[in-house]
Amino acid sequence: MTQESVKKIRISRVPGGKAAGGRYLVFDIEDVISIRRNNGICAVLTGTMPQNPTQNLFLGLPVELRVEEVRLLVDSGAAYVAEELAEHLDALNKPNHEAYIDSLREKRVSAQKAFDEEKNRVRAMHADKMKDKRKKDTSASIAQPAGEGGDDSLFGGDAVPAPHTKKEEETKPLPAITPATSAQLVGVSAGVDVPIPPALPFYRHLNSKGYYTTPGLRFGGDYSVYPGDPFRYHAHYLANAYGWNEKIPMLDVVTSGRLGTAVKKSFLFGAEQPASTPEEDGRVRMFCVEWAGM
């Protein structure tokens with residue numbers, strides 16, 4: 001399979017958020033599965049239900065990616081970033097809007113066909129059961145003396161449902177559907193540039209070694225670092241990324257080291273050493289601190 005034939009993941013950039021570039025969201029469940037399975041990126045579920053917007057225990061789609069995660073996917077050719085607001089406004093003013101409406105109607109027709117097939121299957125199953133029941137009742141009535149049949153002789157038998165006419169089928173309203181994504185409306189765009197965050201070399205190094213990361217605010221760091229998928233492992237490290245010439249406060253080392261040890265983790269920190277020539281990549285140096293005597 002060539003690189004051109006592989007479907008790229010669509011990352012939607014929407015205004016808002018703490019970052020200057022906005023928020024980066026993935027709406028398609030297949031894309032979420034792909035980046036977790038193939039790229040080692042978990043992201044964070046941010047979707048909530050309108051009926052209960054304050055709940056934060058069972059969140060759903062979309063997932064939000066950090067800037068370094070987005071940049072890693074874009075640099076590897078696995079994804080592209082789309083300006084969600086501008087592309088949707090542009091697509092709604094084009095003739096392909098009608099084609100999109102037609103495609104939604106086709107999906108509704110397909111959904112109705114699936115419902116009808118399931119209904120016919122259940123109806124046939126019940127008809128077979130009723131046929132067996134009638135055979136048993138007939139055998140019992142033959143063996144029963146006259147006059148002891150009760151009201152079954154007058155009101156017996158099951159009502160046969162009237163078949164649906166073609167006119168009724170045509171006038172029956174189609175089921176409503178809500179597409180999970182609007183990718184069919186906007187299509188594939190050329191993509192927009194993504195800023196390079198300072199923590200990208202540190203994060204890329206962890207990702208290249210097979211580590212998974214999640215936001216580390218729970219343990220007081222930038223990242224919680226896992227040796228594999230967080231569904232299977234506990235975090236081994238809490239990690240912070242620094243600049244090569246950035247001064248690291250000793251209080252950060254002490255507090256993070258003590259906190260990491262208290263929650264059975266080590267404190268990992270590091271930075272990228274600048275390359276000697278522009279053609280070379282910088283080398284990432286990492287250090288691990290574990291507090292002793294606790």
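Glycine is no exception: its Cβ is also placed from the backbone N, Cα and C atoms.
For Tyr226 (among others), the entry in TrEMBL reads active site. For Tyr226 (active site), the count of additional Cβ atoms within 10 Å of its Cβ stands at 22 [all protein chains shown].
According to TrEMBL, the feature active site maps to His234 (among others). Counting only same-chain residues six or more apart in sequence, the Cβ atoms lying under 8 angstroms from the Cβ of His234 (active site) belong to Tyr226, Lys264. According to its DSSP assignment, His234 (active site) is coil.
Look at TrEMBL and you will find Lys265 (among others) tagged as active site. Here Lys265 (active site) comes close to Phe219, Ala235, His236, Tyr237, Leu238: these same-chain residues lie at least six apart in sequence, with C-beta atoms under 8 angstroms from its C-beta.
Residues or ranges marked as compositional bias 'Basic and acidic residues' in TrEMBL: 127-138.
Summarising the annotation, TrEMBL assigns domain 'TSEN34 N-terminal' to 20-82. Under DSSP, the residues of the domain 'TSEN34 N-terminal' (20-82) split into helix, strand and coil as follows: 20 helix, 18 strand, 25 coil.
Per TrEMBL, domain 'tRNA intron endonuclease catalytic' is recorded for 202-270.
As annotated by TrEMBL, region 'Disordered' applies to 127-172.
Mapped onto DSSP classes, the compositional bias 'Basic and acidic residues' (127-138) shows 12 helix, 0 strand, 0 coil.
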